[in-house]
Amino acid sequence: MGDVEKGKRIFIQKCSQCHTVEKGGKHKTGPNLHGLFGRKTGQAAGFTYTEANKNKGIIWGEDTLMEYLENPKKYIPGTKMIFVGIKKKGEREDLIAYLKKATNE
């Protein structure tokens, strides 16, 4: 997969204004992402999701995140995530490598 350190920089630049990753981290505009891998969409405790997110029914993993992060609104029509996505595959790979580590510590 990608480079964890590059992924951390991408997370700080593009994701951290709306998300946290640490265990017990607070929800912001978007949910805390701790425990993301292996969890179904729309399941972070204490966060209010759209019906689209709750009903998507996929399990978050490398493949689903690769597709979602390229174009969130295309992958889950009706999501309230306003982020336009990351077009460069290498950047998505780096971000996923970071998320895999950071959301599991």
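Each Cβ is built from the backbone N, Cα and C atoms, and glycine gets one as well.
Listed in Swiss-Prot for this protein:
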type: MOD_RES; residues: GLY2; note: N-acetylglycine
type: BINDING; residues: CYS15, CYS18, HIS19, MET81; note: heme c binding site
type: MOD_RES; residues: TYR49; note: phosphotyrosine
type: MOD_RES; residues: LYS56; note: N6-succinyllysine
type: MOD_RES; residues: LYS73; note: N6-acetyllysine
type: MOD_RES; residues: LYS73; note: N6-succinyllysine
type: MOD_RES; residues: TYR98; note: phosphotyrosine
type: MOD_RES; residues: LYS100; note: N6-acetyllysine
Rounded distance in angstrom between the Cα atoms of LYS56 (N6-succinyllysine) and MET81 (heme c binding site): 14
Neighbour tally for TYR98 (phosphotyrosine), based on other Cβ positions within 10 Å of its Cβ: 24
Distance, TYR98 (phosphotyrosine) to CYS18 (heme c binding site) (CA atoms, angstrom): 16
Entries of GLY2, CYS15, TYR49, MET81, LYS100 which, being recorded positions, have CA atoms within 10 angstroms of LYS73 (N6-acetyllysine): MET81
